[in-house]
Structures are given as structure tokens and as C-alpha cells.
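TrEMBL lists 93-373 with the feature domain 'G-protein coupled receptors family 1 profile'. Residues or ranges marked as transmembrane segment by TrEMBL: 81-102, 114-132, 152-178, 198-218, 256-283, 318-341, 353-374.
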Amino acid sequence: MALVVSNNTKLRKLIAYISASFHNDTYNLTETQKQLLENYLNRLTERIGGDNFPETIHTDVDCGAGLEDVAEIYAKNYHPYFATAVCLFGIVANLCNIAVLTRKDMISTPINRILTALAVADALVMVEYIPYTYYYYVVLAKKMDFPYSGAVYILFHTHFTQVLHTTSVCLNLTLAIWRYLALGYPERIHTLCSDSRCTLSIVLSYFLPVVLCIPTYVTLTIATREITENQTLFILYHTDLHDMFKTDNTLLKINFWIYAVLLKLLPCGILTVIISWLIRAFFKAKKRRLKLQSYNDIDNKNKTTKTKRRADRTTKMLVAVLLLFLLTEFPQGIFAFLIGIKGKDLFLECYQLYGEIMDILALINGAINFILYCSMSRRFRTMFGQLFKIRVLGLLTPPPPPSDIHTTCV
């Protein structure tokens, strides 16, 4: 998920352009009107936590020309509604995942336990993101009062989503390694993929991100700004880069290098290698199975084929889950890596600009797993149908009369 800094660079640019345009002779403004307008824009700039604007803006940071416009339009007009819809769907979908994967016949499999832990992490992110969307895009945009409690909440949201998203990274990595061990070392599967090791892996996937995200904790802080209106002093609170990262560009670069390499690019690199190996192992096993079929009798062939087909479907489903995860993680990792090279200008000008795009990609990735499970796992579909068919029929069907109960109980 994207880091949130409330210094709205886009709005400051817009104010600057408005100021510059009204200084032209096209609008035939008097000097008094120009001064009143400039005073108003200055107060507005102070409210969003920036310095008085220049008449022209010079920046060497290229944020992607046409893509920049698309990102601004999406963030301004569509993101709050789209994100809320995705979160609502994702919460329901992940609750369905948890309900199915925790059934007695399903929870005994380590892979399903890891997928359950992943569904919990994704659901928690979406549950928290809905009130954040309402506060940031509705309440704050309307009142523009920047209270201390609001700044604390924005800071909490940033760290909470970052920790849980890192948990998802760890769980996806665990999922890939688990499948690699199961296919690569089938004779040692009961030792390498034991229940105790599965439990330990899940616990570590939730605990380690709290430690791994320490660089994020020290990067952001709550800043204050004092403004005076009508002889009344107002204190505005907002999240911002810590002073030491503002003054020391090298320190910020190092921080983002750690974030990009340790939390993004390294896991993505490991996942890429394991996914490549899984795909290769899948096709090798398929060829080997075709060769062995002619040597087996019909009964053994049918049993082996059924087991192998189930394993193949599981492998294909997990590869699809991991590939979708890579599609959302690699762009963020590359972005953070470039910030480690360029410094805070790229962070303030571009990273914040594409924050909503990165958020929605992460939310979609967390919500779409249910669709993958249903479309690629026959066992999941069967369990889902049985679970909710029983619940629905239990609500719609009246209880049988006593005589029927006695005759059906043998």
C-alpha cells in the first residue's frame, strides 16, 4: 500500500497556476482584486501545509506525462467509490474464503491454512480502508480542519495497512516455498511441511512485518502548522516526512532502498524464481505421467491420474495467485527503488500522485482470490456449494413434522 503524506503537491501546483494566470492582463483585474485573490490563495496554501506559492513552478521530476493526468483524474473522480466497492466485495469474498477453508475437510491441509491466514490479512486491510476512504475523501475534503485526531488516524492507517500488506507478502512467499517443497521433495513432505512448521510460518508471517516495517515508522511523523485568521490562531495537524529525512536526502534514499529491496524486490525475485520452477515442474511431471501410464494397470492408472490431476489443479491455482500478486508488487518495488536513487522529490511529486493507483491494485489483488479459487479448484467449489446450500436450505425449508423425524432415523 502507498505511504500517505498530507502535503498535497498537486493542489499546491494548481493554486500556483491559478495565481500566475490571474496576474495576466486577460482577466482585467484591478490591483486590489489581484491582492485579495492572492491573499485568499495564500491562506488556502497554508491550510494544506505548504509555503506561499511561486508564480511559476520549476521541477525536474518527470512523473509520466499522460499517465500523470490519468492518475489525477482517477484519484479525484473515481477512487473513493471504486475502492469502497472493491473493499465491500473483498470483505465478503474473504469471509467466504475463511468459511470454506476452515471446514474440517479443508483446514487439515497446510496450504489451506496458509490461504486462510492470507484471507484474514486481506480482509483486515479492507475493513480498515473503508473508514479511511470516508474520512480522507469526504470528511477531510469538506471541513479542511486537520485535527490532531485525524492526523493520528492517517498515521495509524499508513502503518496498519503497510504491516498487513507486508504480512501478505510473507504469506505469499510462504505459500510458494511450501508448494516448492511439496513438489520438489515428495519423500520428505511430512517432515518439511509438518503442521507445526506450518503454524510457525503463519505466526512469523504476522510477527516479522511489525519489525520489518520499522523504517516506515521513523519516516513519517505528525507535523503542525499555525495559521491566523480573523485574529484567531489555528493549529493544523498533518502527517509529513520526519525532519531528519527532509534535511538529509541520503538518509531518505537509504530508507527507501531498504524498503524497496527487503520488502518488495527481494520477495518478488524469490517468487519469480519459484513460480518459474513450479511451471517447469508442472510440465515435467505431466510428461513423466504420460510415459508411465502405459506401464500401469487400469486401476492404478485411474487412481494415480485422479491424484495427480488434483495436484496439478492446486499448482495451477497457486501459480495464478502468485502471478497476480507479482503484478501488483513489482511496480511498487520499482517505484521505491527509484526513490532510493532520486530522493524525496520523486517521493513527494510522483509517489503520492500514483498512491491511489497502487492502493486499488493492492485491494483488487486481495479481493480476487475468491474468484480464482472458485474457477480453478473443484474441491473449493464443492465445499462452497455444500456450505452455503445447507445454510440457505436451512433458512428456507421448514422443519419436518415429528412423524417424519421418527421414520427417517433408523
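Cβ atoms here come from the backbone N, Cα and C positions, even for glycine.
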Candidate ranges 114-132, 152-178, 198-218 - greatest C-beta contact count to the transmembrane segment (353-374) (under 8 angstroms): 114-132
Distant-in-sequence neighbours of the transmembrane segment (81-102), which means Cβ under 8 A and at least six residues beyond its ends: 112-113, 115-116, 119-120, 122-123, 126-127, 129-130, 133, 356, 359-360, 363-364, 366-371, 373, 380, 383-384, 387
Beyond the flanks of the transmembrane segment (114-132) by 6 or more, those residues with Cβ under 8 Å of it: 1, 83-84, 86-88, 90-91, 94-95, 97-98, 101-102, 107, 153-154, 157, 160-161, 164-165, 167-168, 171-172, 174-175, 178, 198, 201-202, 205-206, 359, 362-363, 366-367, 369, 373
